[in-house]
Amino acid sequence: MSVWEGVNFTHRFSELPSAFFTYVTPQLLDNTRWVVWNGEFAQQFGLPAAENEELLNVFAGQKEFAPFAPLAMKYAGHQFGVYNPDLGDGRGLLLAEMQHQDGTWFDIHLKGAGLTPYSRMGDGRAVLRSTIREYLCSEAMAGLGIPTTRALGMMDSDTPVYREKTEYGALLIRVAETHIRFGHFEHFFYTNQLAEQKLLADKVIEWHFPECSEAEKPYAAMFESIVEKTAEMIAYWQAYGFAHGVMNTDNMSILGQTFDYGPFGFLDDYDPNYICNHSDYQGRYAFEQQPRIALWNLSALAHSLSPLVQREDLEAALGKFEVRLSQKFSELMRAKLGLHTKVDEDGRLFEAMFELLNQNKADYTRFFRELSNLDVKSPQAVIDLFIDREAASAWVDLYLARCELEVDECGERVSAQTRCEKMRRTNPKYILRNYLAQIAIDKAEEGDFSEVNRLAELLKRPYDEQPEFDDYTKLPPEWGKKMEISCSS
């Protein structure tokens, strides 16, 4: 039986005019081999759970496959606030679309496939370390429940790639509901290709926002949906302590899904000024700046949509960003604290918590996980996370008093056990700390991929106890704290 039997393919983007893309044949790597195949996810598309040579040959571009029509998308974007017209898929190719078991179509994108017309000064390759980081983080985010692109698998090779040192080329099979970015609309706006921009908007509505087609102003409704989805994504980032690192408009998905994992980082010590990108000298994309930058990016998108949407409608939609962000962030933080009843004083409780975390530089993830264990542990386990134990004790007393006000639908007081069981499904025990990723990369570069596979499995269930992996909850060693990652990939 064919491995493709029962898998449905299409390629709607390839039906658009030539202004949208260029067809490109993947440039083969030497001795390509599987590093990891995401079998559990693959089965959701009708693909086999285990990797094999047929899958390798087709996805690596070594064998022609009728449903695939590899193409490089053209787009533009604002990078660190400066418009760059010369962007596009410089090392990745959109192969086709594949239908999920729930009926949703997902793009299949091969990253590291070689030169394209948009490679600029690059070589079109992706190195092993950056490919491992993107694979692990996209799957870690999915495990956490944060909107994200996914990864179907990754491969390494014997092809040398020259960066600061000689490395080896790798391939990532990225899967996403769309690869359309803010920068697609910007490209057509700034090149005055307004008919193409209108066509793009029509297709985005048809493919991704069909409900907007019934609206009085479909394009305005589309933009409002993009604003809302972006606000929700940012709320997740801030609640879970994720720093993206390179929030250029060409890295912003129209569906509010975390896109293009480069110099990302999860908070270790709580530091709102955390900068994970080694190249971000001004801190433009620092952790606490992410909501502001998302709104800036949406404003740039709004400007590019001005031929399609009236100014007052664009401004009205932008005005809803902070409202939706605040609503979603509050909802997520309440869940993390086990507080489902709204009380006016909660804002002060939240503020005091963040101030305490910041002043003591306590570990963000461990703090919330310990709060989730107060049904089986003493409050001292939380207090001991802080240098200023007196202040921590005072806050914990306030928090526990607040928990006493929680009641269920029947008006009954919520027990600590019930509260904490829910919190443990919201506050992860495991996250992809940068030092863990680096250890896996170091081993992989020596030919040992066991740690990559171990992390990939562990991070699928970040909320579960998995006691055999307790070592992965350790705080980072000195060398692994607040790691700044290079954009070099």
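Just so you know, glycine gets a Cβ as well, placed from its N, Cα and C.
If you look up Swiss-Prot, you'll see Gly88, Gly90, Arg91, Lys111, Asp123, Gly124, Arg174, Arg181, Asp260 marked as ATP binding site, on the strength of sequence analysis. Cβ neighbour count for Arg91 (ATP binding site): 22 (other Cβ atoms within 10 Å of its Cβ, all protein chains included). When secondary structure is read from DSSP and collapsed to three states, Arg91 (ATP binding site) falls in the coil class.
Residues annotated as active site, proton acceptor in Swiss-Prot: Asp250. Summarising the environment of Asp250 (active site, proton acceptor), the number of other Cβ atoms within 10 Å of its Cβ, over all protein chains shown, is 22. In the three-state DSSP classification, Asp250 (active site, proton acceptor) falls within a helix.
Taken from Swiss-Prot, the feature Mg(2+) binding site applies to Asn251, Asp260. Cβ environment of Asn251 (Mg(2+) binding site): Gly77, Arg181, His244, Phe259, Asp260, Gly262 lie under 8 Å away, each six or more residues apart in the same chain.
The Cβ neighbour count for Arg174 (ATP binding site), using a 10 Å radius and every protein chain shown, is 26. For Asp250 (active site, proton acceptor), the nearest of the binding-site residues by C-alpha distance turns out to be Gly88; the candidates were Gly88, Arg91, Asp123, Arg174.
Within the same chain, residues at least six positions away from Gly88 (ATP binding site) with a Cβ under 8 Å of its Cβ are Ala72, Met73, Lys74, Tyr75, Thr116, Pro117, Tyr118.
For the binding-site residues given as Asp123, Asp260, the lowest number of other CB atoms within 10 Å of the residue's CB is seen at Asp123.
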